[in-house]
Ligand SMILES: *Cc1c(COP(=O)(O)O)cnc(C)c1O
């Protein structure tokens, strides 16, 4: 064990760590819910020795759960062989990963990959690609995204992100981005003309609460962008790499570019921008974009191992079957108003604004879940989650919702019944 310092320090309890966190970490995330010290499979353990079933997977990241032996071995082997080289050089792992991703995406000749370290960075590269899709004759400066969109937090990615609370403190953002009404095909086709450089879409909006686009939307976007000469760019940072039970949620509609990150490295930071066909990759010429870490051999080896385990264990079939089971059973739970999503990306609307209280009650009961809004929960578990593990959550959920509803209810005025009608 090389992380003896962390292990030794783990002898401290959560309270001490949280105190030290507060005095040393920037407050952008608020106070962390727990201090986690180890994980194995779909379970993690906190600094007080309590275990949790992880139904969030580090926000759709831990595709293989925690400490998966094949991922650990691949990273160890690559790191002990060649850890980092800069992009003055390449490595077999980087080339193999690019080829593998293009093959999985069914990419036609001329398709290319740019590696980054996160979803935001992959989208930032896509934003620059979009800016380069200019045409002196038409101007072609507009970039379209959707209401509810989340594409990241750096300035370019933030310009694509819709949420006013994220945007407003950082005005002025890079210009030219317009947000269209969510899921409105007519609004989209009306907006896309020769002044549009690119349209950015999440096939399913994850951060907005697992919002599904209507049937035919991606196809309509493909048609409209193709005839206007605009790029169609799918942000599959959250939905890609098996999360929805297929390699990509947009399967069947080929965009001009696609971004990936979250699940791709199984927990090691890696992002990718894929461009499809002969045209788009040439928009970014030598020297126009770059990165120090992007495509480094360790991240590439982690992604290759993740993809290889997903395939060899037929985990996409598990995501489809167990996801369907979980969603169907969730929809039958008292207090659940609606269940949305695909595979292991599941949004749950409750019948009242007690989602944050539900997250807290679930933690108490030993389950990690997430809320994306006052009445909406999200599950994005490791793709190795079994039906039996999912069943333990389903069994516990009625009690969790009961506790959450009580905790979230306004405190009744006690000690008097005066004034009651
Ligand atoms: C998480 C997310 C991002 C940002 O990815 P980071 O790795 O956090 O930078 C971008 N787009 C979508 C759809 C996401 O879910």
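The backbone N, Cα and C atoms fix where each Cβ goes, glycine too.
For 119, 120, 150, 235, 236, 237, 238, 292, the entry in TrEMBL reads pyridoxal 5'-phosphate binding site. The N(2)-acetyl-L-ornithine binding site feature in TrEMBL is assigned to 153, 291. If you look up TrEMBL, you'll see 262 marked as N6-(pyridoxal phosphate)lysine.
Here the features listed in TrEMBL are placed on the structure.
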| residue | record | Cβ contacts under 8 Å, 6 or more apart |
| --- | --- | --- |
| 120 | pyridoxal 5'-phosphate binding site | 151, 152, 153, 154, 157, 271 |
| 150 | pyridoxal 5'-phosphate binding site | 161, 162, 163, 202, 205, 206, 207, 208 |
| 235 | pyridoxal 5'-phosphate binding site | 119, 123, 126, 149, 151, 200, 201, 202, 258, 259 |
| 236 | pyridoxal 5'-phosphate binding site | 202, 203, 248, 249, 250, 258, 259, 260 |
| 237 | pyridoxal 5'-phosphate binding site | 119, 122, 123, 151, 152, 259, 260, 261, 262, 271 |
| 238 | pyridoxal 5'-phosphate binding site | 59, 60, 119, 202, 204, 206, 207, 262, 345, 380 |
| 291 | N(2)-acetyl-L-ornithine binding site | 87, 115, 116, 117, 121 |
| 292 | pyridoxal 5'-phosphate binding site | 86, 87 |
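Checking the binding-site residues 153, 236, 291, 292 against ligand 1, not one has its Cβ under 6 Å from it. In the three-state DSSP scheme, residue 119 (pyridoxal 5'-phosphate binding site) is classed as helix. In this structure, the residue listed as 'N6-(pyridoxal phosphate)lysine' is part of a helix by DSSP. Residue with the densest Cβ environment among the recorded positions 153, 262: 262, by other Cβ atoms within 10 Å. Site extent for pyridoxal 5'-phosphate: among the recorded binding residues 119, 120, 150, 235, 236, 237, 238, 292, the largest C-alpha separation is 25 Å.
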